[in-house]
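Feature annotations, courtesy of Swiss-Prot:
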{"type": "DISULFID", "residues": "Cys29-Cys50", "note": "disulfide bond"}
{"type": "DISULFID", "residues": "Cys35-Cys55", "note": "disulfide bond"}
{"type": "DISULFID", "residues": "Cys39-Cys57", "note": "disulfide bond"}
{"type": "REGION", "residues": "48-55", "note": "region 'Interaction with Ca(2+)-activated K(+) channels'"}
{"type": "SIGNAL", "residues": "1-22", "note": "signal peptide"}
{"type": "SITE", "residues": "Lys49", "note": "site 'Basic residue of the functional dyad'"}
{"type": "SITE", "residues": "Tyr58", "note": "site 'Aromatic residue of the functional dyad'"}
Amino acid sequence: MKAFYGVLIIFILISMLDLSQQVFINVKCRGSPECLPKCKEAIGKSAGKCMNGKCKCYP
């Protein structure tokens, strides 16, 4: 049971870290297709989506 709590605490601490590589660029958008060419210019890959009116790119 102690091992379970130890693993649980470690999981909670690791989940609080921001391990994602996502990049918010300062480009307004209405839909994800608008972000693809802007992400290609910004980070070199056309992988992204529109979230809350801003483009979010994934390297």
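Even glycines carry a Cβ here, placed using N, Cα and C.
All features noted in Swiss-Prot, drawn onto the structure.
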residue : record                                         : CB count, 10 Å
Cys29   : disulfide bond                                 : 20
Cys35   : disulfide bond                                 : 25
Cys39   : disulfide bond                                 : 23
Lys49   : site 'Basic residue of the functional dyad'    : 17
Cys50   : disulfide bond                                 : 18
Cys55   : disulfide bond                                 : 23
Cys57   : disulfide bond                                 : 24
Tyr58   : site 'Aromatic residue of the functional dyad' : 14
Subset of recorded positions (Cys29, Cys35, Cys39, Lys49, Cys50) lying within 10 A of Tyr58 (site 'Aromatic residue of the functional dyad'), CA to CA, in sequence order: Cys39, Lys49
What three-state class does DSSP give Cys55 (disulfide bond)? strand
Reported as an integer number of Å, what is the Cα distance between Lys49 (site 'Basic residue of the functional dyad') and Cys39 (disulfide bond)? 9
